[in-house]
Amino acid sequence: MLPARLRTFFLPACLVALAVLVASFRLENTVGLMPCPLCLSQRLLLGGYALLCFAAVLQAPGTRGILRYARLALGCSLAGALLAARHVWLQGAEGVNEVCPVPIGRVFEQSWSEAARQLLLGGPDCRSLAWSFLDLTLPEWSLLAFLLLAVLPLSCLLAYRFRTLART
């Protein structure tokens, strides 16, 4: 059985994910930044990450459950980091408008598979550099947040791995 302190990795992870979500909604509502398709996809993954961590805190599973939750949370955070890295690349690349042709308002007028593809590819709104803080744009902050959120489940998995190696 994993010690209780490994289970407590999920509470700070949940709180940090919720803080990032609140910050993104605050930027939308107070500053007026409208989310692009990649931002919406990242919010969805961030919400999934927060729900996974919250479920892990509430359920307080055994060793196998903790490892499953950690793997799922790590998958969510790495997928979010990949989307954020793509967003950063789109903002820095020249001539990628043909890659992301549809604005967010028309994404859901298409089939579900096409809408999912557009949410993952991004839209023309994804290239705008409307906001920055400490010389980092919002997608760069998202990438940093997802990478930091990946550290918590990764440390849980590594702690379990080193603990099992120490027993043998």
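The first residue you see is number 1, and the count goes up from there.
Cβ coordinates come from backbone N, Cα and C, glycine included.
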### Query
Do Swiss-Prot's topology records have Phe9 and Val88 sharing one side of the membrane?
no
### Query
By the DSSP assignment reduced to helix, strand and coil, which category contains Cys39 (disulfide bond)?
helix
#### Entry: C-beta crowding around Cys36 (disulfide bond), within 10 angstroms
25
### Query
Who are the chain neighbours of the transmembrane segment (45-61) in space, where the CB to CB distance is under 8 Å and they lie at least 6 residues beyond its ends?
7, 10-11, 13-14, 17-18, 20-21, 24, 68-69, 72-73, 76-77, 79-80, 83, 145-146, 149
